[in-house]
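**Student:** The following block contains the structure, expressed as C-alpha cells.
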Amino acid sequence: MILAVIGINHETASVETREQLAFSSKQVKELVQKLIEGQPIKEASVLSTCNRTEVHFTVNTGQIEAGKNHIMTYLSDFSDLDPREYVDHLYFITDQEAVSHIFKVTAGLNSLVTGETEILGQVKKAYQLSDEAGGVDSIFHGLYQQALRTGKRVHRETGINDNAASVSYASVELATKIFGSLQNRRALIIGAGKMSELAARHLYSNGVKDVIVINRTIERAKNLADKFGGLYASYDQLSEWLNEIDIVITSTGAPHFVIKEEQIKRAMKSRKYSPMFLIDIAVPRDVEPSVNNQDNAYLYTIDDLEAVVESNMQERQEEARNAELIISEEVAEFMVWYKTRDVVPLISALREKAEDVRKMELEKYHKKLKNLSPKEQEAVDKLTKSIVNKILKEPVLRIKEFAVEDKSELYMATLAQLFDLEDEVIPKDGEEHSSSKEVESVTQSSTERGHHESDFHN
C-alpha cells in the first residue's frame, strides 16, 4: 500500500491557476466520492484552501500511475481544465515524505505565512468532509488524528506563530504599510468566515476607525460586526459603501467576482478619485483583476502578500527549526504504526495460539490443581500468562522491527509456517488486512503520551 500526495500550492502555481482548482465543500465531498469508486484509490481526502489544493490518497503498490491518472481525470472534470494546463505545477510525493508534508502543512510550516493557525481548521474540515464522503478508513483516521495533534503541539511548544500568524494578519499589515497608520481609516470586509473575523480583529487592534461587514447572509454579517462593535450591510449596499471606505478586504467562497471593474469605476468617480486599496485574499478571487486599470484603485491579491511575509521570515527561522524537530519525531512515530499495521493480524493470531495452548495445558492439570485455594489458582493463572508473554515478547518486537525495515513478508510467512498459522491473513502486495479495531489497538499502544483524544470531533 502506498500513501501519496498530489497537488499544487502557492509555491508551484499562481493564483490564476490555483483558483481554477479550488473546490467548495460540496465539490470536495463529490470529488472524494468519485475518487474512491472502484479501483485503484483506497482512501482519499481533498484539502482545498486559498494557497493549495491537494489530494491525499492510498493506492495499491504497483497501481500508483493508475492512481495518479485517475485523480487527474477527476481534477480536470471538476475544474474544466485540461491536465496539460496544470500538470507542470503539480508535485507528487509518497510514503514518509508524504506524511512529513501533511504534518508540515497542518502545522503551518508550508503556508504562505509560516506558522499560520488557520490551516489547522482547514485540515480538520478536509478530514471531516472526506470522512463524510466515505474516503477515510483506518490509515487516514490515524494519519489525520496525528497530523492535527502534531500541529497543535508545534504551536504549543514553539513561538512560530508569534509574528504574522495568518493571511488575515498579513493583509492588515500590508494595509498598514500602505497608509502608515490606520487611524481614522474606514475598512470594508466582505465575507464573514474565519479569515474575515481575524482581519476585523487585526484592523481594530491597529486603530481603524470603522469596520463594515458585508456578507451574503445578513445574519452572519451582523454576528461578526457585533463582536467588534462594527457596522454591517447587505450585498445590495456594496456599491454605496465603496464610495466611502479606504480599505477593502475580501474573503468569500463565491465562485464568481464579487467586485467588478465597473463598480469601482463608478465608486472612484463618486469619491473624486481618493485612493482605495483592495486586498483580495480569496481563492477563487473575489475582485475582477482589471480593477487595477482604474486610477487610484490599488488591488492586491493573496500572492502579493509574499513580500509582507518575507519581512518577518527571519524572526521565525529558529522557531521553524524547532518545529521541524517536533514534526520529525511525530512522523517517525506514525511511520512505525503505519508499517506495523499489516503484522497486527499475525501477532494477534500468535498470541491467541499461545493462549489456547496455555489454557489447554492448564485444563490437563485441572484435577491436580483443583485442591489449590482460589488465591493459589489465580497465582498459577498469572504465572502461566506471564511465561507466555515473556516468551512472545522478543518475537513480537522482532516482527515489528522487520515491518519497519520493510522486511516483514518473508519473516511473517516463516513464522506462520512454524506456528501453523497459514490460514491467518498474511499481507500480500497491495492488500489491506488490519481491522480498524486492531489498528486502533496498535495506535493506542504507540501513543502512550496520552494524546489519543479525537481531534475530529473536538
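Using the three backbone atoms N, Cα and C, a Cβ is placed for every residue, glycine included.
Here Swiss-Prot flags Cys50 as active site, nucleophile. If you look up Swiss-Prot, you'll see Thr49, Cys50, Asn51, Arg52, Ser111, Glu116, Thr117, Glu118, Gln122 marked as substrate binding site. As annotated by Swiss-Prot, NADP(+) binding site applies to Gly191, Ala192, Gly193, Lys194, Met195, Ser196. What Swiss-Prot records for 426-440, 448-458 is compositional bias 'Basic and acidic residues'. Residues annotated as region 'Disordered' in Swiss-Prot: 426-458. Annotated site 'Important for activity' per Swiss-Prot: His101, in sequence order, evidence recorded as sequence analysis.
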**Student:** Find the longest CA to CA distance in the recorded substrate-binding set Thr49, Cys50, Asn51, Arg52, Ser111, Glu116, Thr117, Glu118, Gln122; express it in Å as a whole number.
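**Tutor:** The substrate-binding residues span at most 15 Å between Cα atoms.
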**Student:** Provide, as an integer number of angstrom, the distance between the C-alpha atoms of Lys194 (NADP(+) binding site) and Gln122 (substrate binding site).
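**Tutor:** Pair distance, Cα basis, whole Å: 10 Å.
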**Student:** Around the Cβ of Asn51 (substrate binding site), how many other Cβ atoms lie within 10 Å? Please give the count over every shown protein chain.
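**Tutor:** Asn51 (substrate binding site) is surrounded by 27 other Cβ atoms within 10 Å.
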**Student:** From the centroid of the CB atoms of Thr49, Cys50, Asn51, Arg52, Ser111, Glu116, Thr117, Glu118, Gln122, the recorded substrate site, which same-chain residues not already listed sit within 8 A by their CB, in sequence order?
**Tutor:** Gly108, Leu112, Val113, Ile119, Val167
**Student:** For His101 (site 'Important for activity'), which residues of its chain lie six or more apart in sequence with Cβ-Cβ distance below 8 Å?
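**Tutor:** Those within reach of His101 (site 'Important for activity'), by Cβ under 8 Å and sequence separation of 6 or more, are Val5, Ile93, Asn110.
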**Student:** Look at each of the binding-site residues, Gly191, Gly193, and point out the one with the fewest other Cβ atoms around it within 10 Å.
**Tutor:** Gly193
**Student:** Return the single residue from the recorded positions list (Cys50, Ala192, Met195) that has the minimum number of other CB atoms within 10 Å.
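**Tutor:** Met195, out of the recorded positions Cys50, Ala192, Met195, has the fewest neighbouring Cβ atoms within 10 Å.
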**Student:** Among all protein chains shown, how many Cβ atoms are found within 10 Å of the Cβ of Gln122 (substrate binding site), not counting that one?
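**Tutor:** Gln122 (substrate binding site) is surrounded by 20 other Cβ atoms within 10 Å.
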**Student:** Inside 10 Å of the Cβ of Thr117 (substrate binding site), count up the other Cβ atoms and send me the figure.
**Tutor:** 20
**Student:** Which one of these binding-site residues, Thr49, Ser111, Ser196, has the sparsest Cβ neighbourhood, judged by other Cβ atoms within 10 angstroms?
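**Tutor:** Looking at the binding-site residues Thr49, Ser111, Ser196, the Cβ with the fewest others within 10 Å is that of Thr49.
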**Student:** Just counting, how many other CB atoms are there within 10 A of the CB of Lys194 (NADP(+) binding site)?
**Tutor:** 15
